[in-house]
Every structure is written in C-alpha cells, then in structure tokens.
Amino acid sequence: MEVWVLFGTFVFLLLIGTPVAFCLGVASFATVLYLGLPPVVVFQQLNSGVSVFALMAIPFFIFAGELMVRGDIARRLVALAGAMVGHMRGGLGQVNITASVLFGGISGSAAADATAIGGLMIPQMKEKGYSVEYGVNVTVVSSIIALMLPPSHNMIIYSISAGGRLSIADLFTAGIIPGLLLAVSLMITAWFVAKKAGYPTETFPGWAMLGAIFFNAIPGILLIVIIFGGVRSGIFTASESSCIAAVYALLVTTLAYRTMNWTSFVEATKAAVRTTAMVLLVIGCAASFGWLLAFLRIPAELVELMKAVSDNPIIILLMINLVLLMLGTFMDMSPLIVITTPIFLPVATAFGVDPVHFGVILVLNLGIGLCTPPVGTVLFVGCAVGRISVWDAIRTIWPFYGAAVFTLLLVTYIPSLSLWLPSLFH
Amino acid sequence: ELTLKSSDTHPDGYPTVEAVKHMGKLLKERTNDRICVEVFHSAQLGQEKDTIEQTKFGVIDLNRVSMGPFNNLVEETKVVSLPYVFKGVDHMHRVMDGPIGDDILKAFEPHGYVGLAFYDGGSRSFYNKVKPIKSIEDLKGMKVRVMQSDIFVDMMTALGANATPMPYGEVYSAIQTGVIDGAENNWPSFESSGHYEVAGYYTLDEHLIVPEVLVMSKASWDKLSAEDQAAVRQAAKDSVSVMREMWVAREKASEEKVRAAGVEVITEIDKAPFMAAMDSVYEKHVTSDKLKDLVARIRSTD
Amino acid sequence: MKSVAWALRHVARLALWLAAAGLIMMTVFITAQVVARYIFNDSLVWSEPAAVILMGWFIFLGAAVGIREGYHLSFDVMLYFLPQSAKLWLYSVSDLVVTGFGVGMVWFGSQLALSAWDVKLPSLGISGAFDFLPIVGGGVLMVLFSMERLARRAAGMPTARFGETDPLED
Ligand code: NA
Ligand code: NA
C-alpha cells in the first residue's frame with residue numbers, strides 16, 4: 001500500500017502539471033505521513049541531497065556554458081565546425097553535430113548545447129532551405145554528445161550516486177570513445193537523411209580561411225585542453241575543474257574576446273542560477289524519494305525479481321536498458337541517475353559489469369531519454385528554439401533515435417569501448 | 001513482531017554489518033521471534049550525519065556509526081578521536097570494555113541515543129605516493145587528505161603536513177594525478193578503495209585508533225519493556241566478539257593483498273616525536289574537566 | 001492585488017540577486033582553494049563547507065523565484081486535452097500542493113535547525129543550524145510565491161509556466 005501512495009501521488013501530480021521536483025517531494029511527504037514516520041526525514045534528505053560538494057559541478061558548468069554562449073565562444077566553435085565539415089553531404093546537419101562535439105568538450109549540459117548550437121544553427125538551416133524539423137532533430141539528438149564527452153556533470157552525479165567511490169577522472173575518460181562513436185553514427189544518419197531530402201552542401205572555404213577561423217576559435221578549444229590537462233596533471237580535481245571552466249570562460253570573454261560586458265555577465269549569472277536551482281531542486285527532492293524507495297526495500301525486491309527472470313548478463317543488461325529508456329521517456333536525467341543507480345548498479349555488478357562501464361551505459365541511455373517525449377528537456381528546448389511543436393519534431397526524428405539506440409547497444413555489449421581509454425591511465 | 005531498522009554505511013558482508021545481523025539473530029532467538037533486526041547497509045538510508053539525525057527522530061532504530069560525526073554533539077566521544085590516545089588496539093579494547101567505555105556509552109543518553117556497544121574501526125595510518133615516511137620530517141609540507149573534522153585537521157597541521165579536506169570519492173584520482181600526496185586510513189579501507197594502487201608507501205604509525213559505536217534511538221528504546229531492553233543490550237554486547245574476529249580476518253586479508261601488490265610498508269618508526277607534537281592538539285581540544293579526566297583515566301589504564 | 005504583486009516582484013528580484021551573488025562567491029572560494037593549494041601549497045579547509053552552504057542558499061532561493069517565474073520543469077502533455085477552465089483548476093491544485101510543501105520546508109526545516117543548534121560545524125566553527133536555514137528561507141518564499149499564484153489566478157491575472165516565453169509583465 002505504501003508503494004501505491006508513493007507512486008500514485010507522484011503520477012497524479014505529474015499528470016496535473018505539478019513541477020517534477022514537487023511531484024517527487026510531495027509524494028515522499030505524503031508517503032511518510034501515511035507511514036506515520038516523522039516527516040522531518042523528507043526535508044532532511046532534501047537538504048542533504050543538495051549539500052554535496054561534487055554537485056557543485058552543475059552550477060559551475062552551467063555558468064560556464066552561459067558565459068560561453070553570451071560571450072561569443074559558442075559562435076566561433078560553430079563557425080569552425082562549419083568550415084571543417086560544411087562541404088559534406090547534409091552540410092549544416094554535419095556542422096551541427098561537429099559543433100556539438102566541440103562544444104560538448106567544454107560543456108556538460110545537453111540543454112546548454114541544444115540552446116547554444118540550436119540557437120545558432122537552426123535559423124541558418126531554415127534560411128538555407130533545410131526543413132526546420134531536420135534542424136531540430138539533429139540539434140536535439142546530437143546534444144547527447146555533450147553528456148558523453150568530458151566534462152560531464154552527469155558522470156559526477158553518477159559517481160556520487162554510486163557511493164562516491166568511483167574515480168570521476170576515469171568516468172570522464174570512459175565517455176570519450178562512446179561520445180565520438182555517437183557523433184559518427186549521427187553524421188552517417190544525417191548524410192542519408194540529407195541525401196534523401198536533397199539538402200545542399202556548403203562550399204569549402206579553403207585552407208587559409210579554415211586556418212583563420214580555427215585561430216579565432218582557439219581560446220574556446222583551449223578550454224578542453226585546460227580542463228582535461230588540469231585534471232589529469234593534478235592541478236585540480238574533476239569537480240574543481242568545473243569552477244576553473246567558469247573562471248576561464250569569464251577571462252576569455254572579458255580579456256581576450258572583450259565580448260562580455262557587465263549586463264551580459266549579470267544575465268549569464270542569473271540564467272545559471274535559474275537553471276541550477278531547477279535541476280538541483282529536482283535532485284534534492286529525488287533524494288527524499290530515493291530514501292523512501294530504499295526504506296520500502298523496492299531496489300532489493302527489484303533485484304530479486306530480475307534475478308528470477310534470467311541469470312544471463314546480456315539479457316539483464318537489455319532489461320536494464322529497456323527499463324531506463326522507459327523511465328527516461330517520462331523523467332529527467334539527473335533525478336533518474338540519483339534514483340536508478342542504487343537500484344541497478346548492484347544488479348549490474350552482480351553480473352560482472354564494471355561500474356565505470358555501467359556509468360557510461362546509464363548516461364547514454366538517459367541522455368536518449370532527454371530527447372523523447374513526453375518529458376524530454378532537450379527536445380523541449382530544441383522545439384522552443386525552432387518554434388515547432390513536439391509532435392512535428394518527433395514525426396521525423398526516428399532515424400536519429402535509431403542511430404542513438406544503435407550506439408547504445410554497441411556501448412552496452414562492447415565494454416572495451418568504455419574501458420580501454422581509462423585503462424591507459426592506470 | 002517488532003522489526004528494528006538498522007543503518008550502516010559499510011557494504012554487505014563488512015564486519016560491522018555482519019555483527020548487527022548476528023545481533024539480530026541472537027535477539028530473535030532470545031525473544032522467541034518477537035524482535036528482529038533489519039540492516040540497511042551501503043548507506044541506503046543516507047550518510048552517517050543524516051542517519052544520526054534520523055535515529056534521533058526515531059525514523060530508524062539502530063545505527064552503526066563512527067565517532068567523528070558525534071564529536072561535536074556528545075563531548076565524551078571526542079576523547080577516543082584524539083591522536084595517539086591509545087597505546088594500541090589491545091589497549092583500546094581494555095579501555096572500551098571497561099568502566100571508561102561504559103561512561104562514554106552513557107553519555108549518549110541525554111542527546112537522544114542509547115549507546116549499546118563499541119565495534120572496531122581499525123587503526124589509521126598514513127599512506128602516500130612520494131616517499132616512505134619514516135620520521136616526522138618526512139611529513140613536512142606533504143598534502144594529505146583528511147576527513148572534515150577539526151581534530152584531524154589540527155593533528156595534520158601539528159605534524160607539519162598540509163591538511164587537505166576532500167570528498168572520499170575524489171581521493172583515488174587526486175593521489176594518482178598528484179593533487180594530493182596521500183591520505184590516511186586503516187588496512188581494509190586502504191585496500192578496498194584501491195588507494196594502494198596509487199599510493200606505494202604505507203607507514204604504520206597508527207595515529208588514530210577510533211572505535212565505532214552502535215546506538216539505538218532513545219525514542220525506540222523507550223517503547224521497549226525493561227526485559228526487552230536488557231535483551232537488546234545483551235545481544236549487542238554479544239555481537240562484539242563476532243565483529244572483532246571478522247575484523248582481524250578482514251584486516252589480514254587486506255594486508256596480504258596490499259603487500260602482494262608491492263606496497264612498501266614501514267613498520268619501524270619512532271612514534272615519540274609524533275606523540276610529542278600532539279601537545280598543541282590536546283591543549284586545544286581537551287578543554288573541559290570532564291575530558292581531561294577521561295584522558296587521564298585512559299592514560300592510566302594498562 | 002496589483003500592489004502585492006509589485007512588492008513580491010521586488011522580493012523575487014532581491015532573492016535572485018542574492019542567489020547570483022552566492023554563485024559568484026562560490027566561484028571565488030573554489031578558485032581560491034585551487035590557487036592556494038597548487039601555488040602556495042597551503043589548503044584552505046573552510047572553502048569546501050562554506051561553498052556547500054552557499055550552494056544551499058542559492059538553490060533554495062533560486063527555486064523559490066522559479067515558482068513565481070514558472071521555470072520549474074513540468075509535464076503538461078495530459079493538460080493539452082483539457083479545456084482552459086479545467087486546466088486553471090488543476091494549476092491551482094498544483095499551487096496548493098506546492099504551498100503545502102513550502103510550509104513543510106519551513107516547519108520541519110526549523111525543527112532540523114533547532115536540533116542542530118548546539119552542533120558546531122567543523123572547519124567553519126558556526127552553528128549546525130546554518131545547514132538548514134536555506135530550506136527555511138527558501139520555504140518562506142515558496143509559500144509566498146505560490147500563494148501569489150493562487151491569488152493572481154483568482155483575480156484573473158496571468159501566471160507563468162515552464163516553456164512559456166513571455167514573462168510576467170507586472
Ligand atoms: Na561534456
Ligand atoms: Na525524456
């Protein structure tokens with residue numbers, strides 16, 4: 001019965017349009033009242049859920065992303081991507097994906113990526129005769145790349161949810177090959193879709209122009225080097241690197257590019273606070289919800305259930321992936337990492353899956369969930385930027401979903417895609 | 001009939017987790033299935049600071065925690081968290097099994113907890129990736145990760161090292177990449193965290209021998225009959241020997257694994273200068289007459 | 001109602017400014033820690049706990065402002081099929097539920113703060129109550145702002161929702 005109170009309240013509130021954070025928080029509150037426990041525990045978990053040092057990476061990376069978008073770093077990266085791959089079939093679609101690789105290497109947020117790249121690319125694509133749906137589809141699905149390439153605050157959230165004993169530096173490194181693989185499979189898909197629709201290509205600007213555009217983008221690209229190099233050479237820790245990213249973005253935009261004035265700085269800070277507060281309130285409320293799940297022994301029972309179904313790791317991983325994809329369609333990423341890691345990680349490790357590998361699977365899987373309705377933050381952002389309805393976007397998005405799911409399967413069943421690169425550092 | 005919910009941050013199979021399970025088994029037998037214990041291991045119900053509050057509010061009944069989070073709440077627990085206060089593990093056992101231990105257990109009561117038993121937390125020593133620490137001079141300027149606790153930070157400063165608080169999950173990569181030079185912990189944690197893979201020198205200075213404690217919520221305790229209270233207390237006491245046996249085995253297994261991996265273990269070390277450096281720490285933290293008296297009693301225990 | 005809305009808009013503005021200042025201070029603290037450790041070989045033990053408390057403040061202040069400005073993520077798909085009047089009723093149910101949760105934050109947050117009153121936080125030396133004050137402060141604003149939403153709706157004034165681009169024009 002307690003379980004019904006918990007999930008019933010949650011689903012009911014979700015359906016009537018209560019903000020997701022409060023659906024989680026109020027469902028926990030109601031269940032605790034029903035159980036006759038002191039309700040203080042709900043608010044204690046809400047508080048301790050957000051009082052975690054490593055979560056600081058979220059505000060910092062979001063702050064850095066805002067500074068990059070408002071301070072012209074993102075636009076220069078898009079220009080570079082344009083010069084590099086614009087002449088390929090599917091022109092601006094390829095540019096969009098490549099820009100997500102470049103931007104993804106400095107931002108950990110898919111929503112920031114969709115806002116930044118989508119905001120710059122979709123109007124251009126519309127102008128050049130691409131359908132808006134194609135632009136939105138490419139923008140939305142390729143923004144998952146930002147989650148896979150370091151730095152990614154979702155990897156940090158995963159490490160915390162796994163009990164804080166996984167090396168964040170290893171998780172960062174493990175996402176690189178899967179992230180690039182996703183980029184490649186999306187580019188191939190974009191090529192075929194563009195070919196069928198007969199989209200134009202851009203002219204190659206010539207090596208001299210490419211060099212000049214590259215020179216312009218160097219300060220932005222250097223951030224990747226600084227973050228990854230700084231973490232790997234021991235100047236700062238992975239979670240501190242997020243703060244350095246924000247400081248560096250501020251220095252580049254004020255001193256090198258001189259594109260940041262006081263008003264844009266204040267706007268960037270406020271925007272970062274808004275997004276962070278929204279994300280972290282969900283994480284805090286998910287902590288209360290997760291506490292109740294543990295208290296009601298739901299994870300333990302689920303593990304037993306899955307063990308009863310099969311003892312084949314391939315089947316188990318497939319089942320976990322399906323459940324995560326399903327959950328991902330109606331919930332947001334960070335709370336799902338917080339809720340599902342304690343449930344599924346023990347199952348996966350019981351079947352011999354490496355926790356770092358599982359983290360990559362989890363982030364990629366839930367990243368796909370960000371692009372799927374009904375609850376897909378990145379899909380919403382993409383549609384808002386392109387000014388089309390969610391329905392218009394998803395009618396033609398299927399090839400891109402296919403490419404992402406195909407990558408997910410490869411990453412799930414070939415552990416070395418994730419584990420080979422970190423093993424080089426041991 | 002009655003299920004006592006118990007929290008532990010250690011994983012399943014860890015000596016403290018198994019000890020509380022054993023306590024539950026004894027309790028079940030002795031009360032004819034009336035009272036049993038359910039252990040939530042692996043920090044399922046939260047980190048120690050959280051579960052301590054939950055225990056106070058009666059959300060959970062039993063809680064196995066380290067002394068650190070209690071230091072600023074129950075003054076008496078500070079005394080066992082002092083560096084080099086015990087001469088060794090055996091000395092710690094003699095102190096905690098005797099009247100001093102009983103006094104510390106009783107000190108929990110006014111704060112909403114009933115102290116039931118002390119478990120072993122092993123002895124903490126320094127490890128680092130730079131060089132073997134053989135004397136106090138070797139520690140000078142070294143960046144060593146410590147837990148966020150005033151006593152531990154002051155201890156490191158007094159030893160001339162650079163106390164660097166950092167979340168536990170970042171320590172492995174931080175040592176590996178050189179953000180910090182080392183950290184400190186007991187054999188089992190040094191091994192299970194994998195830190196021995198990146199920190200090749202382990203100096204057995206045993207600066208901290210801090211027992212852990214099993215407490216019960218006063219709210220839950222007061223609901224029990226006097227007879228059941230006695231049964232709970234006895235079962236907890238009886239679980240201690242089981243815990244200690246498992247601990248020794250675990251420590252040995254970890255030690256073998258670490259040594260086999262080629263870590264240089266420094267055992268011959270003159271602790272006198274280390275202890276002498278602690279005067280300032282004792283001066284700062286042993287302030288009340290109550291604490292001074294406890295330190296004196298521990299020191300005079302054989 | 002108009003003047004209440006005007007006053008609350010300024011409260012929200014102030015809260016957002018404070019939250020933004022918190023984010024900037026946090027950036028300063030962590031940068032200071034990296035510089036002190038790497039360049040001066042001297043770690044700052046207070047930077048981590050201080051930054052965590054600041055983060056608590058700006059999350060709960062920012063989250064409260066989010067109720068007024070309607071930027072919390074919600075799931076409106078089911079509501080598309082309902083007539084406007086039914087939608088408005090359900091929005092009010094949501095706002096009531098959020099008010100209730102805000103009251104819980106204030107009440108139980110205070111209880112937590114009181115019980116941690118005598119605990120001294122390591123490295124900072126301040127009372128443990130500071131850990132829970134952000135919940136209480138954020139809760140007070142959440143109650144205010146969600147009651148404002150109910151009042152605005154009753155008075156026929158607009159309220160903001162996630163995904164809507166036009167801000168409140170009062
Ligand atoms: Na990234
Ligand atoms: Na989704």
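Cβ atoms are placed via backbone N, Cα and C, with glycine included.
Curation does not apply to TrEMBL; its annotations are automatic.
Under the heading domain 'TRAP C4-dicarboxylate transport system permease DctM subunit', TrEMBL lists A:7-416.
What TrEMBL records for A:47-65 (among others) is transmembrane segment. Counting same-chain residues at least six beyond the ends of the transmembrane segment (A:47-65), those with a Cβ under 8 angstroms from any Cβ of the stretch are 106-109, 112, 116, 151, 153, 156-157, 159-160, 164, 168, 238-239, 241-243, 245-246, 248-249, 268-269, 272-273, 275-276, 279-281, 283-288, 334, 338.
Per TrEMBL, transmembrane segment is recorded for A:134-151 (among others).
What TrEMBL lists as transmembrane segment is A:171-194 (among others).
Summarising the annotation, TrEMBL assigns transmembrane segment to A:206-229 (among others). For the transmembrane segment (A:206-229), the list of distant contacts is 68, 73-74, 76-77, 79-80, 82-84, 102, 105-106, 150-151, 172, 241, 244-245, 248-249, 252, 256-257: same-chain residues at least six beyond its ends, Cβ to Cβ under 8 Å.
Annotation comment: TrEMBL describes A:235-257 (among others) as transmembrane segment.
What TrEMBL lists as transmembrane segment is A:278-300 (among others).
Residues 306, 336, 340, 344, 347-348, 351-353, 361-362, 365-366, 368-370, 372-376, 408, 412-413 of the same chain sit 6 or more residues outside the transmembrane segment (A:312-329) yet have a Cβ under 8 Å from a Cβ within it. Residues annotated as transmembrane segment in TrEMBL: A:312-329 (among others).
Per TrEMBL, the feature transmembrane segment maps to A:336-353 (among others).
The transmembrane segment annotation in TrEMBL covers A:359-385 (among others). For the transmembrane segment (A:359-385), the residues of the chain that approach it from at least six positions outside its boundaries are 20, 110-111, 114-115, 118-119, 122, 136-137, 139-141, 143-144, 147-148, 152, 154-155, 158-159, 162, 166, 171, 174-175, 178, 182, 317, 320-321, 324-325, 327-333, 336-337, 340-341, 344, 392-394, 397, 401, 404-405, 407-408, 411-412, 418, judged by C-beta separation under 8 angstroms.
Same-chain residues lying 6+ beyond the ends of the transmembrane segment (A:397-421) with a Cβ under 8 Å from its Cβ atoms: 133, 137-138, 140-141, 144, 173-178, 181-182, 185-186, 188-190, 192-193, 314, 317-318, 321, 353-354, 356-357, 360-361, 364-365, 367-368, 371-372. Summarising the annotation, TrEMBL assigns transmembrane segment to A:397-421 (among others).
The stretch from A:134-151, A:171-194, A:235-257, A:278-300 with the most CB pairs below 8 A to the transmembrane segment (A:336-353) is A:278-300.
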